[in-house]
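Taken straight from Swiss-Prot:
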- 1-19: signal peptide (SIGNAL)
- CYS43-CYS61: disulfide bond (DISULFID)
- 103-125: repeat 'PbH1 1' (REPEAT)
- 174-204: repeat 'PbH1 2' (REPEAT)
- ASP219: active site, proton donor (ACT_SITE)
- CYS221-CYS237: disulfide bond (DISULFID)
- 256-277: repeat 'PbH1 4' (REPEAT)
- ASN258: N-linked glycosylation site (CARBOHYD)
- 285-307: repeat 'PbH1 5' (REPEAT)
- 317-345: repeat 'PbH1 6' (REPEAT)
- CYS345-CYS350: disulfide bond (DISULFID)
- CYS369-CYS378: disulfide bond (DISULFID)
Amino acid sequence: MVTSSSVIGLTLWAALVSASPVADPLVTPAPKLEDLEKRATSCTFSGSEGASSASKSKTSCSTIVLSDVAVPSGTTLDLTDLNDGTHVIFEGETHFGYEEWSGPLVSVSGTDITVTGADGAYLNGDGSRWWDGEGSNGGKTKPKFFYAHDLTSSTISGIYIQNSPVQVFSIDGSTYLTMEDITIDNTDGDDGEAANTDGFDIGDSTYITITGANVYNQDDCVAVNSGENIYFSGGVCSGGHGLSIGSVGGRSDNTVKNVTFYDSDIKSSQNGVRIKTIYGDTGSVSEVTYKEITLSDITDYGIVVEQNYDDTSESPTDGITIEDFVLDNVQGSVESSGTNIYIVCGSDSCTDWTWTDVDVTGGKTSSDCENVPDDISC
């Protein structure tokens, strides 16, 4: 039953509502269909047409799955300028056709990009087709493998690369890039034919973090040529030239600052800890730390600093300073034919070095060190 008081109340409420101003409804434009598709589409590419199809369709896919892709000779698997947030997944074997050219075989760029390798996936460079003992210094022209250029706030993880023709990862112009659990396996190049197979070459980049890398190669495991805020930890480096700063010099950017190598093993390598700066050039190396580094079976130098790199017959020069160089708990063995520590500094370019718990033994003691900083033993 409806009472008279109810009717009066409803009438008053209706009058108030009709008299009150009504705010304009908040209108949100509907997303464009093509934008939704870009964010939601998963695309799978495979076979000999997979690389070109992926390159053409890359901006239409939020997830790009590369399954047993065969990249044609002389071409790049081009994953540059991806949409923000794109996820790239490698499955099976990615193979590359043979041609003498400079590469790269793979190139990725963008913001908030994730690149991962599925279980059992690997990128097979089949480098023996190019290996001639000359590396990038002559002989056949060899393609670099993987350009991680102009990546921002991105992650590369679980990638397995086998038998790179020459340098593997080129990291350039990137910031806030994390690389996790990367494997580089160039063991087949140990017959003396593979050369300059650097693991990670870093230039003009900031906030680069590399963790859990396992590298077997024939050159620098890591080479920081320029950049700031670089962190490498939990790595194993075998067969190559060790954990390196440089060579620094000869580029438009010759500044290296705030680099840490932490909790890593260097095995059966030519060098362990290494800083190399170009003779006669200018620049700076500062705030470099090697902490908890273990060396074993090093053939040439356990710890080496060369300020006459590229012209070792000349006296070192002062143009590139090495300041605030910290070694903390760096220990291990050098073969008897090698040298434990070798330092060649300019007359006034190596300052503020702090070495603690450094114990490198088994090799020779050098009598050729020059301008060794105070409180440092050569």
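Backbone N, Cα and C define each Cβ position, glycine as well.
The listed stretches are 174-204, 285-307, 317-345; of these, 285-307 has the most Cβ pairs under 8 Å to the repeat 'PbH1 4' (256-277). The C-beta environment of CYS345 (disulfide bond), restricted to residues of the same chain at least 6 apart in sequence and closer than 8 Å, consists of VAL305, GLN307, PRO316, ILE322, GLU370, ASN371, VAL372, PRO373. Look at CYS378 (disulfide bond): DSSP puts it in coil. Just so you know, the Cβ of CYS43 (disulfide bond) picks up 15 other Cβ atoms within 10 Å once every protein chain is counted.
Cα of CYS221 (disulfide bond) to Cα of CYS378 (disulfide bond): a distance of 24 Å. Around CYS378 (disulfide bond), the same-chain residues at least 6 positions away in sequence with a Cβ under 8 Å from its Cβ are ILE341, TYR342, ILE343, THR365, SER366, CYS369, VAL372. CYS237 (disulfide bond) is 36 Å away from CYS43 (disulfide bond) when you measure Cα to Cα. For the repeat 'PbH1 4' (256-277), the mean pLDDT of the prediction comes to 99. The Cβ of the residue listed as 'N-linked glycosylation site' has 16 other Cβ atoms within 10 Å, all protein chains considered. Cβ packing within 10 Å was compared across the disulfide-bonded residues CYS61, CYS221, CYS369, and the lowest neighbour count falls to CYS369. Cα spacing between CYS237 (disulfide bond) and ASN258 (N-linked glycosylation site): 21 Å, rounded to the nearest whole number.
In this structure, the disulfide-bonded residues under consideration are CYS237, CYS350, and the one with the smallest number of other Cβ atoms within 10 Å of its Cβ is CYS350. Taken through DSSP, the repeat 'PbH1 1' (103-125) splits into 0 helix, 13 strand, 10 coil.
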